[in-house]
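Novice: Per Swiss-Prot, the features are:
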ACT_SITE  S86  active site, phosphoserine intermediate
BINDING   G13, L14, S15, G16, A17, G18, K19, S20  ATP binding site
Amino acid sequence: MGRSAGFILWLTGLSGAGKSTLSRALRAHLASSMPVEVLDGDEVRTWLSRGLGFTREDREENVRRIGHVARLLAKHGVGVIAAAISPYASSRAEVRRLAEEAGIPFVEIYVQAPLDVLIARDVKGLYKKALAGELAHFTGVSDPYEAPDAPDVTVHSDVDTVEAGLWRVLETLRKRGLLDAAAAA
């Protein structure tokens, strides 16, 4: 059986990098050993952060809200997987600080892929619009993305399979004592 205390897995990376895909794989694997919730950035924007725009302040507020909900869930033994672009290092550091002050383990996972791969994956054409100047405030094109300096885990989704990324995260959780060997297998 998995650990009864909760934790926060914070997946950050540009749009199309594979955060949602990896979060679904993590949920499927972890759900057999503990309660798990995914806080997906797109869903949070629809329900919890409706009305926020894409200014720096609004993006920081969105990350704060996700972090607050993640802490509440983790405090009650839920394994939380937050998958959000969360473009600013200071916002991610604040979420980590608040989690760790509350005694909640926090694992930052950087899901990364080169821009040309992200453009090729972009079925909505958002990168194309942003590069053409038709879409303002698009992270990684017209707005900055501050890549983590020292993430706990890095997944290169252009070369790593979903399974390889999943294994890398599970191995990190096991090494940190957040999963027992059975849940990590």
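Here the Cβ of each residue, glycine as well, is placed from N, Cα and C on the backbone.
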Novice: Measuring Cα to Cα, how many Å separate S15 (ATP binding site) from the residue listed as 'active site, phosphoserine intermediate'?
Specialist: 10
Novice: Could you round the CA separation between L14 (ATP binding site) and S86 (active site, phosphoserine intermediate) to a whole angstrom and send it over?
Specialist: 9
Novice: How many neighbouring Cβ atoms, not counting its own, are there within 10 Å of the Cβ of K19 (ATP binding site)?
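Specialist: Its Cβ has 28 other Cβ atoms within 10 Å.
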Novice: Could you tell me which of these binding-site residues, L14, A17, has the greatest number of Cβ atoms within 10 Å of its own Cβ?
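Specialist: That would be A17, with the most Cβ atoms nearby.
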Novice: When you measure from the Cβ of G13 (ATP binding site), which residues in the chain that are at least 6 apart have a Cβ under 8 Å away?
Specialist: K19, I85, Y110, V111, Q112, A113, S157
Novice: What does DSSP assign G16 (ATP binding site), in three states?
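Specialist: The residue in question, G16 (ATP binding site), is coil (DSSP, three-state).
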Novice: Sequence gap of 6 or more, C-beta under 8 Å: which same-chain residues meet both conditions with respect to S20 (ATP binding site)?
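Specialist: Non-local contacts for S20 (ATP binding site): D40, D42, A83.
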Novice: Using the Cβ centroid of G13, L14, S15, G16, A17, G18, K19, S20 as the reference point for the ATP site, which residues of the same chain not in that list have Cβ within 8 Å?
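Specialist: What remains near the Cβ centre is I85, V111, A113, L118, S157.
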Novice: For the recorded positions listed here (S15, S86), which one has the lowest count of neighbouring CB atoms within 10 Å of its own CB?
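Specialist: Comparing Cβ neighbours within 10 Å for the recorded positions S15, S86, S15 has the fewest.
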Novice: List the residues of the same chain that sit at least 6 positions away from G18 (ATP binding site) in sequence and have their Cβ under 8 Å from its Cβ, in sequence order, or write 'none'.
Specialist: V111, A113, V155, S157, V162, G165
Novice: Helix, strand or coil: which one is the residue listed as 'active site, phosphoserine intermediate' in, per DSSP?
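Specialist: In the DSSP reduction, the residue listed as 'active site, phosphoserine intermediate' maps to coil.
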Novice: Check each residue in the chain of G16 (ATP binding site) that is at least six apart in sequence and keep those whose C-beta is under 8 Å from its C-beta; list them in sequence order.
Specialist: A113, V117, L118, R121, D122, Y127
Novice: What is the separation, in Å, between the Cα atoms of A17 (ATP binding site) and S86 (active site, phosphoserine intermediate)?
Specialist: 13
